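First comes the structure, then the notes that go with it.
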Amino acid sequence: MKPVLLLLGALAFIATAPPQTQAAKPPLPYDAINHHYYTVKINNLDATSPQEIARHLGVEYVGQVGELKQYHLFSYEKTTHEKRADVGEVYGEQQFNSTSHDIVLQRYQQLKESKTFLRELLQRTYASQWSKRGEAGAGEEQLVSYNLPTDMSLHPLGPIDKQFLRRRVKRELVINVDRRDEHVKGETQPQDGTAARFGIKDPGFQYQWHLHNTLQPGNDINVTGVWQQNITGKGAIVSIIDDGLDAESEDLAVNFYAKGSHDFNDNVDIPLPRLWDDNHGTRCAGEIASARNDLCGVGIAWDAKVAGVRILSGPITDVQEAEALNYNYQETQIYSCSWGPTDNGIEMAGPTGLLMEAFVNGVTQGRGGLGSIYVFATGNGGRDGDNCNFDGYTNSRYTISIGAISRENHHPDYSESCSAQLAVTYSSGDASYIYTCDRGKRNCFERHSGTSAAAPIAAGIYALVLEVNPLLNWRDIQYLTVYTAVVVDENDPDWQETSTGRLFNHKYGYGSLDAYAIVEHAKTWASVGPQVAYESPVIQVNGNIPSGTDDNTGVTGNIGLPSVFVVTKEALEAVKFGSLEHVTVTVNIDHQYRGEVEVELRSPDSIISILAPQRPHDNTTTGFEDWTFTTVKHWEEDPVGPWTLTVYDRVNATNTGTFLNWKLGLYGEVVNGRAPTPPAEPAPPPPPPPPSAAPTTSAVLPTKTEDAGNANAGEGQTTIKISPFIFVMFAGMFVAIGAALFLMYRQRTNPRSVFGSGINEDEEAGQRGGLLGRRGDYEFDELPTHELGDSDEDSDEDERQDPDGRQIVFDRSNLVDSDNEGEVKEVKAIQREVTSPLSSGEEIGRESSFEEAEEEEDDDDDDEDDFKDHPGGAGSKVRGDSWDEFSTLVKSKDAR
């Protein structure tokens, strides 16, 4: 029985174990002092390998870039002169001009243009494809008649890029603060007992007006109603990509998530602040997850986990940034990014190539396919006339751009506006700031500011959303933001009603984030369908832009140069286009003074998006080269009809320009996708918990979602979605029962051939017993049952050593409907059994006691069997009085 029990125990352990998450890919080594670095995109890994490319180029292969399977890094040692020279690859435009004589780039270009090598690569590709189809050998015949591709995008080898060091800029207003300790005070406001209701003893909570504003009631994120439901971010993981995170701070230590953290500046695991000004990331993390204790204030989601990814404390390469954007992306849900290009009203930059692939990989592969959520601050260049549509990070459709509003619900002059901004939330303005923790064990900070402070608040709100509905995808979060944002500063003239009835403002997006409204709406949200795209052909214009004012009419510059493209219903049906989300416009414009150019887009419903306003400081003469603008103002608008793009130059007739061409991009939900339900009026908050009650963490409850088979179900119709590993558990139970019945049958029919052959040790050396060799119908590999216990012990020991590796559980007791209460309790009981807090030693102890009892019972059975078969026993043919006679015969036989 013991082998049977061991097998059943192993099967049950495998069946009921929760699915293992993928570990974060370790960053690649980087030595910019002694080596040049290059990335190569290999479009077809069936045709060639990175190692082969390294041999052809005479370079060393370093490894795959982060989670990007097609991108690979190579290094080439610098000459002695280059090593001694100053590092010229950090700043200045000269770094890009130095590639013209680069030997590695020249070799790669020659290799890519080699027709012989291309034919060889294509032959391998065809051979691999036909081999998979079972048609090996057909490739050579087909290749004879195959023409080499003229479109280089079809080449098995993609682009090569030399890596340069660049600085990313923090989006924090510069404020000189001398004092930094636990007694720092912010702007006081009357207290109304809210802290006592939630058991908050943090002395700085009274200064956190953005959480609960008693001076201007309503001018806050409306989060207390969420806390009343014990929703505090449990299970959510937010990565702060910044200048480090002080894991030794008593306000952050309890929620620090080491597994998702790394220091890319110093290439160490824990991203502790090291430079004198490395405090930005710690302050941002405090806004999200400061603990509820006796220090500073509390975070919006004080039970969420925060990881630190350090990249802003020095120059880094695109490779390192790409690794940071995808770091631990299967477990980390939200990436809070309060940085970007310089906000000076001149620079125009954004992610391309490798970095764009990192964003695409994050939203398509992160969180098991649900997509990583990237939150970016719009920027602090408003005073310099900057606009967030000139920043490729904030105007990306893969990110959520968050601007700032002041305590008075006004637009701060530093916060950048643009048509790509989705929403705003609170930050500094006039004399008010954000109160949070600071670098140091018990330090607080009362003057956190800028859009740097706004983006983490949004990330904290999204952490609350993911607690109640962790299965939301990256576009669901965008939809929820659009649907639940609250209009502020109603008298601002830029508010325009869209064709869907919503209001949009280039300063505020769709409005201010409301934590209670978005969480309530997320509870019953039906996830949107896959995203589809429609892109127009390149529309040639090649016209001179009217410039300045005409002496006669004075309106020449105001006329602009328009260009119209008509989107037809048939074109959208061809790509199964459903509901519109993002609209992009890619332009090529030559101009002698880029800052004078204005670009506007008019939709078929006459909704106007200002894609590019004037930027007075931008005296760049290069114009716009394949630059993409984005607008979210047309969300869910009917895209069929004429779209008009107009380019203006209203400033100076001396500086002229040419509108060359443009391209329209429409992105949205596939037709017949699960249409989101309209926002309902939030239900009144439940009664507050007793003052002494503290939020607790309980076992995972099934996530409440709408019926997947009924896309038009009402908001109140919900079903319980059981976690996938529950199904695996039941499947494992059936497998275990079947295996037990089979082994019992084998035990009865042939007891010598279940696990052992019954032969002695000498015979065992020449013949494998058990399931091997005894029956040809059941020839299996050996079962190393003696290793199962070791594996369990190692697994549990690792789990004890890394508490962050344990399964995170959610508390969704408020999401259970009365109709489903019985079913939920049953599933909850099963999950409590699966996630038992017993250690591996306790489990083994219980099994050992059980096995010992079974062995004693087996011994008793064996004794009874021996007695039965023993001469004179019940099963013996030799009975009672014949025993002495039988014994005498045996002895005499032995003597002979």
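Glycine is treated like the rest: Cβ placed from N, Cα and C.
If you look up TrEMBL, you'll see 1-23 marked as signal peptide.
Of all Cβ atoms in the protein chains displayed, 31 besides its own lie within 10 Å of the Cβ of ASP242 (active site, charge relay system). Look at TrEMBL and you will find ASP242 (among others) tagged as active site, charge relay system.
TrEMBL lists HIS280 (among others) with the feature active site, charge relay system. Around the Cβ of HIS280 (active site, charge relay system), 26 further Cβ atoms fall within 10 Å across all displayed protein chains. According to DSSP, HIS280 (active site, charge relay system) sits within a helical segment.
Around SER452 (active site, charge relay system), the C-beta neighbours below 8 angstroms that are at least 6 residues distant in the chain are LYS170, ARG171, GLU172, LEU173, HIS280, CYS284, SER338, TRP339, ALA377, ASN380, SER427. Under the three-state DSSP scheme, SER452 (active site, charge relay system) falls in the helix class. The active site, charge relay system annotation in TrEMBL covers SER452 (among others).
For the domain 'P/Homo B' (528-672), the model's pLDDT averages out at 94. Taken from TrEMBL, the feature domain 'P/Homo B' covers 528-672.
Sequence annotations record features per position, and here TrEMBL assigns region 'Disordered' to 673-699 (among others).
The compositional bias 'Pro residues' annotation in TrEMBL covers 676-693.
What TrEMBL records for 725-745 is transmembrane segment.
What TrEMBL records for 752-896 (among others) is region 'Disordered'.
Residues annotated as compositional bias 'Basic and acidic residues' in TrEMBL: 774-789 (among others).
The annotation compositional bias 'Acidic residues' is assigned in TrEMBL to 790-801 (among others).
For 822-831 (among others), the entry in TrEMBL reads compositional bias 'Basic and acidic residues'.
As annotated by TrEMBL, compositional bias 'Acidic residues' applies to 850-866 (among others).
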Inset, instruction - Sort the residues of the domain 'P/Homo B' (528-672) into helix, strand and coil with DSSP and give the three counts. - result: 13 helix, 76 strand, 56 coil
Inset, instruction - Determine, from DSSP, whether ASP242 (active site, charge relay system) sits in helix, strand or coil. - result: strand
